[in-house]
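Trainee: Here it is, the structure, as structure tokens.
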Amino acid sequence: MIASHMIACLFTELNQNQVQKVDQFLYHMRLSDETLLEISRRFRKEMEKGLGATTHPTAAVKMLPTFVRSTPDGTEHGEFLALDLGGTNFRVLRVRVTDNGLQRVEMENQIYAIPEDIMRGSGTQLFDHIAECLANFMDKLQIKEKKLPLGFTFSFPCHQTKLDESFLVSWTKGFKSSGVEGRDVVDLIRKAIQRRGDFDIDIVAVVNDTVGTMMTCGYDDQNCEIGLIVGTGSNACYMEEMRHIDMVEGDEGRMCINMEWGAFGDDGTLNDIRTEFDREIDMGSLNPGKQLFEKMISGMYMGELVRLILVKMAKAELLFQGKLSPELLTTGSFETKDVSDIEEDKDGIEKAYQILMRLGLNPLQEDCVATHRICQIVSTRSASLCAATLAAVLWRIKENKGEERLRSTIGVDGSVYKKHPHFAKRLHKAVRRLVPDCDVRFLRSEDGSGKGAAMVTAVAYRLADQHRARQKTLESLKLSHEQLLEVKRRMKVEMEQGLSKETHAVAPVKMLPTYVCATPDGTEKGDFLALDLGGTNFRVLLVRVRNGKRRGVEMHNKIYSIPQEVMHGTGEELFDHIVQCIADFLEYMGMKGVSLPLGFTFSFPCQQNSLDQSILLKWTKGFKASGCEGEDVVTLLKEAIHRREEFDLDVVAVVNDTVGTMMTCGYEDPHCEVGLIVGTGSNACYMEEMRNVELVDGEEGRMCVNMEWGAFGDNGCLDDLRTVFDVAVDELSLNPGKQRFEKMISGMYLGEIVRNILIDFTKRGLLFRGRISERLKTRGIFETKFLSQIESDCLALLQVRAILRHLGLESTCDDSIIVKEVCTVVARRAAQLCGAGMAAVVDKIRENRGLDNLKVTVGVDGTLYKLHPHFAKVMHETVRDLAPKCDVSFLESEDGSGKGAALITAVACRIREAGQR
């Protein structure tokens, strides 16, 4: 008993000595995590070089675009063919994908051989043979009469220019068919099929095996965005942001990049990591200096690396008592399968003994232990190097997405990964150590790259079908030149109706006289008070207008809030509160007791009977002060001033915010005769000839008309242009049937139109994977500011996704593109409709004056116009297009409607003084 224990201890000690001896000899092959992180950093730099337009030609890691723009989302369905060509045998598959609540993939396939004389014959012979095998397969399945979509896995070096266009760079794997290199392989297959004439197929996609692996696994796990192959060769692919792929136009969405990572190090970046054994393997290979990384990790070279180490250690008399055999000295005699067998847990040492005996050696126990350790070090290095480059890919995806923690799946195939007893486990552990902030799942591809080619095709078909369905819906929101001209014509008709005494009562576009009869001429001067009331806060302003050399406007203002109990109390309480705030402001400005002319911007629906008289028709915006509706707001204000008996004010003018905008801009530009607001709401005003304003006596001069154009279409004249989404938004609004034009163009409603379209798309499975979140059902979540942010040119889809996430909407990259497109279409239509309305206004001014050409400026305010990245540009283009005889400039109002009220007051005072003289 004691003797056997001593023998066991002796053996253990001998084994440990052998392991230490090997570890020392192969010190440079045992890579620390620090070294692996350095390799990962270098690989990230190589990835960037491959993606960059200027650095791509000289980059070792080529980062080739595959034109695969999306991974499966589980809703794919249909019947597809796949062709898998990458060696002396090739497979033809029929893949049926069903999506009836249960994802299912059914496959039938047949393997066909390619005789050597065809491999080395002409390209025509090769592709005719492939077409013949395809015909044979379709005959067997009795599907020749169908025109099925086909995906083609073509595992040779190619230059891909489209999803269905791939030019062979060079043959490998023993193929030498003439007349194929430099040609599009898809075109060659199509021509071979046409030559037969007995069937037809639709070749949708050509991919390599790595992409096929990612797509196969992507169907089972929608987080799969990386494909990895570690077999005879090694490569990886992943989904990259389009904005980083300089070789392909466009910066929205993602595209799968075929990395061709086997060439990492071909430019010398791994020289300090490569060992003498790596250099020897490279020197003896068919392609010296090429695919250096692949030669360190793939199955084609792993066994040979072990053989070279055994030879070197034997020569150094560290193994086999210094003896060599002819078999051990024969290149390729130690296979990668031998490495896997020796590393088996159960009988690895026994397997080592058998393999070494096969190689003509007479190994001792310690030789077998040493060989086992050599295999372990070589395969561990391979897994570690793979992990380092994968870590770089994961880090890049994480950076691209801007996530603190990435959750991702890697689809894997290849004999080394699948058959080596420990490779997969070592790879997984190393990846998790190198990128601890990534939750990585590894998913084995069980069905090969043929299924992957079919999945690429299925995804392409799904995307095309969904795109067609979405475009059909969005088409109803896209307006042609003729439709916009018709909107302009109808607006002009409605304007005439509103101006006419006979039809004014029934006209939706009310064309209200404002009694503002002139715009600033630059001679205005004096101090004026302005009051700007249009919400829960209001402003009191002191506006100092100077003329002559010191011409300009100086403003001081203070914002006051209106408590809810005052908003809902009596009219007296409301106007007493306003006067109290005016008194406070005058004291604040050191002007207590001073009497000044006052302009009053009052942004509620009113009927104006003179410049200083405005009857409140109804409260809006949450105001409910009693005793005000039907009363003149100027009188109510004056009565409150008299009750206070502290100061007196000369209320000269009461205006709405649109007129205020025109007057503010009119002070800067004498050509400004139109005011436009496109913000939460929308309205316009312009200077009309008095002879056309039938509601006011007098024929001479001009008067500003407040169009109240938001009600355009309330009589049904826009019904043919309104979509189901416009109708839905209108029906659920606070004022159904009212302000229909405003609901198609203003910021308050555009987000709701977008939300309704997104719900429709989601219900039809065209967005958010068909899952409607509670958040999406919430009215009002899409504020105008989000539309503006989403459409911003400088905003990447990453930020669009962040905005959607903030709204509680989990989206894919494809979803983000769709949401952005919907926002673009809705905002563009709004800008075009606004432009059509404005074209009607400026053309009317031109016709009023009998001019061939009109030069006019439009003063504009409103958040949608100012903050949306494209609204203003599209609106300007539309006006130019629809009113070619008008030279229209647009001037943004910078100081709001309060300054405008003061300027109207200043103009009125100027005219009044001139009349007195």
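Using N, Cα and C of the backbone, Cβ positions are placed for all residues, glycine too.
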Trainee: Scan 1-16, 449-464 against Swiss-Prot and say which stretch is down as region 'Mitochondrial-binding peptide (MBP)'.
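Mentor: It is 1-16 that Swiss-Prot annotates as region 'Mitochondrial-binding peptide (MBP)'.
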Trainee: Please identify which of Glu116, Glu260, Glu327, Glu335 is recorded by Swiss-Prot as part of the D-glucose 1 site containing Ser155, Phe156, Thr172, Lys173, Asn208, Asp209, Asn235, Gln291, Leu292, Phe293, Glu294.
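Mentor: Site partner of Ser155, Phe156, Thr172, Lys173, Asn208, Asp209, Asn235, Gln291, Leu292, Phe293, Glu294 for D-glucose 1, according to Swiss-Prot: Glu260.
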Trainee: From the candidates Thr66, Thr71, Thr98, Thr232, give the one listed by Swiss-Prot for the same D-glucose 6-phosphate 1 site as Asp84, Leu85, Gly86, Gly87, Thr88, Asp209, Asp413, Gly414, Ser415, Ser449.
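Mentor: Swiss-Prot lists Asp84, Leu85, Gly86, Gly87, Thr88, Asp209, Asp413, Gly414, Ser415, Ser449 binding D-glucose 6-phosphate 1, and from Thr66, Thr71, Thr98, Thr232 it also lists Thr232.
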Trainee: Could you work out which of the binding-site residues (Ser449, Thr536, Ser603, Ser682, Thr784) has its C-beta surrounded by the smallest number of other C-beta atoms within 10 A?
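Mentor: Per-residue Cβ counts within 10 Å for the binding-site residues Ser449, Thr536, Ser603, Ser682, Thr784 bottom out at Thr536.
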Trainee: CB neighbours of Thr172 (D-glucose 1 binding site) within 10 A?
Mentor: 14
Trainee: Checking the contact step here: among the binding-site residues Ser155, Thr172, Asp532, Glu742, which have a Cα within 10 Å of the Cα of Gly87 (ATP 1 binding site)?
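Mentor: Within 10 Å of Gly87 (ATP 1 binding site): Ser155, Thr172.
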Trainee: Considering only the binding-site residues Asn89, Arg426, Thr784, which residue has the minimal Cα-Cα separation from Glu742 (D-glucose 2 binding site)?
Mentor: Thr784
Trainee: Within 10 Å of Gly535 (ATP 2 binding site) (Cα-Cα), which of the binding-site residues Asn235, Ser603, Thr620?
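Mentor: Checking Cα-Cα distances against Gly535 (ATP 2 binding site), the binding-site residues within 10 Å turn out to be Ser603, Thr620.
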Trainee: Give the distance between the Cα atoms of Ser682 (D-glucose 2 binding site) and Gly862 (D-glucose 6-phosphate 2 binding site), rounded to the nearest whole Å.
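Mentor: On Cα coordinates alone, these residues lie 8 Å apart.
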Trainee: State the Cα to Cα distance, in Å, between Ser449 (D-glucose 6-phosphate 1 binding site) and Leu864 (ATP 2 binding site), rounded to an integer.
Mentor: 50
Trainee: For the region 'Hexokinase large subdomain 2' (656-895), what is the mean per-residue pLDDT, to the nearest integer?
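Mentor: Its mean pLDDT is 91.
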